[in-house]
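As structure tokens, the structure follows; a few thoughts come after it.
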Amino acid sequence: MKLSWKTLLLLSLPAIVISFFLWQGFLVPTNEQLSGNLARSRMTYGRFLEYLDMNWIKKVDMYDNGHTAIVEAVGPELGNRVQKIRVELPANAPELITRLKKAHVDLDAHPAKNTSAIWNLAGNLLFPLLLVGGLAFLFRKSNSATGGPGQAMSFSKSKALFQMEAKTGVVFNDVAGVDEAKEEFEEVVTFLKKPERFTAVGARIPKGVLLIGPPGTGKTLLAKAIAGEANVPFFSISGSEFVEMFVGVGASRVRDLFKKAKENAPCIVFIDEIDAVGRQRGAGIGGGNDEREQTLNQLLTEMDGFEGNTGVIVIAATNRADILDLALLRPGRFDRQVIVEVPDFKGRLAILRVHARNKKIDTNVSMPIIARRTPGFSGADLANLLNEAAILTARKRKNTIELSEIDASIDRIVAGMEGTPLTDSKSKRLIAYHEVGHGIVGTLLKDHDAVQKVTLIPRGQARGLTWFTPEEDQSLISRSQIISRIMGALGGRAAEEVIFGDTEVTTGASNDLQQVTSMARQMVTRFGMSKIGPLSLENEETNPFLGRSIGSLSEYSDEIAIKIDKQIQLIVKECYVKTVKIIQENRVVIDRLVDLLIEKETIDGQEFRQIINEYTPVPEKG
Ligand code: ADP
Ligand code: MG
Ligand code: ZN
């Protein structure tokens, strides 16, 4: 059955109404009940008790089972006029009634009129409805990108606010570039489809699978694909949603979630961002978070509670497996761990092909070229890239997406929004020399990546940019390659100095110098590429409390520290001398390239190399 999202929204309206109230934690009096009785100001319960002691309270109208009251108060603090004030009452305060009676307060209770209340509240609900509607819409949009059919999406009628999808519509074919993870999951699909095969030989089906990987690498997508392939319902909730709830609600949500899941078995329960609840207990700065611990404990209890073969498989995703509570990783819980990594060249190519399926891309566009230009892009980045390119194409009123739109989108994603170029001025000239400096050093060094283009069109923070195309994914980088990169990065400053003199050099090189220093430091302390020898002196360490890197932990004496600094200086100095030499020896072609760059604002790599080749032979790369 295929339902339109509007119908679904209407169907789920009561559920949304209910969950919204629970979110708010109380039922507000209806408009009807409040009409003519509109209380604009509020006060705390404590203040209300004070007023009561002062005999300032004249009348109390209770609503919604005594959770809310509109009180009429009069007193000097209130300008001696009768004022209507709203008070939220604690759930359990039986002694309050006695006190009110003693104080001879006019007390009235109004029962909640639930049927009409829901419709009266429609006005109040416009905002959350729009919000949910917007989400549902986005949700559908993002799924249609993967070519899935429309799917049922509804909110549970219980107080849990997890999502349940009868059909995710995502299949393994929509996920690319993560072959190992997919293989692992094909087995899980078999567990769900043919559990007998495993139970017959006494195998215990795993209860939980933990997906570990950086954001945007397709963890959510993979979990959905399992449900889609096995054709089972998909329950999902995010760890951060557990935590932001009121006390006690997180744990009860977990209970609800698992209850619903067992009723719908076989099915997938997906817990996104599990690190938000599953962080090591008692490790938080400033005391533990009781709420989180309760939620985590409940989760562990639930996972232990159901038998391995109920057909419920819990999939959780995190990008921080290192901070997870060890109890979660014990066998019988998330005993399978699947690592999802940022895709390599082949992976990017496959992902691009998946997302190109529903886009009109010009036949001339070469996907390998795009994949080559996008090292470090995650699946989500690549999906976003093609979408940006499509938007750009539509804006230009063109029919098919061409390489130029894709290129512009890559530039934008990597380096930020395009700015307006400088008008001809001294600083434009200086920037041109700086960029051509990077470009020529990069071109003339055999082990440096090839120049893709040099441009004076500013983007983001940068006022000019030199782009390089990495030849292929480089997991192993040689010393010569690092030295070449250091020299390439120094090329900008070297050109400034050679052409304008050392009094005219600018702050424009600060970012380059940062990179240079960091590369040189790693050569010395991590890669054993200096005269100190093959020692690992620093490790990238992360702090489990802050959940992020706090720099490096040093394990050496002060004496070594001095040696390290000396070696770093030595490397950078040698590189700089060689770089300056390249600039000096190629002054003629540099001047010509700068004039051309100022005129055209962008020179592509091929033209750049051709011009240099007229003066000096350009070495083959790689
Ligand atoms: P994560 O959960 O790891 O942060 P998502 O699964 O939410 O990442 O990915 C976001 C979107 O990026 C997906 O909906 C999909 O469009 C795209 N995407 C990410 N990884 C892949 C992949 N491996 N193959 C195809 N598309 C992907
Ligand atoms: Mg996700
Ligand atoms: Zn620079």
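Even glycines carry a Cβ here, placed using N, Cα and C.
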Which one of Asp362, Asp502, Asp512 goes with His434, His438 at the Zn(2+) site, as TrEMBL has it?
Asp512
Starting from each candidate's C-beta and looking 10 angstroms out, tell me which of the binding-site residues Pro214, Gly216, Gly218 has the most other C-beta atoms.
Gly218
Of Gly213, Pro215, Lys219, Thr220, Glu435, Asp512, recorded positions neighbouring ligand 3, Cβ under 6 A:
Asp512
Which binding-site residues from the list Gly213, Thr220, His434, Asp512 come close to ligand 2, meaning a Cβ under 6 Å from one of its atoms?
Thr220
In this structure, which of the binding-site residues Thr217, Thr220 has the fewest other Cβ atoms within 10 Å of its Cβ?
Thr220
Would you mind giving the whole-number mean pLDDT across the domain 'AAA+ ATPase' (205-344)?
80
Are there residues of the same chain, six or more positions away from Gly213 (ATP binding site), whose CB falls under 8 angstroms from its CB, and which are they?
Lys219, Ala317, Asn319, Ile339, Val340, Glu341, Val342
Write out the long-range same-chain contacts of His438 (Zn(2+) binding site), meaning residues 6 or more apart in sequence whose Cβ is under 8 Å from its Cβ.
Val454, Thr466, Gly488, Ala489, Gly491, Gly492, Ala495, Asp512
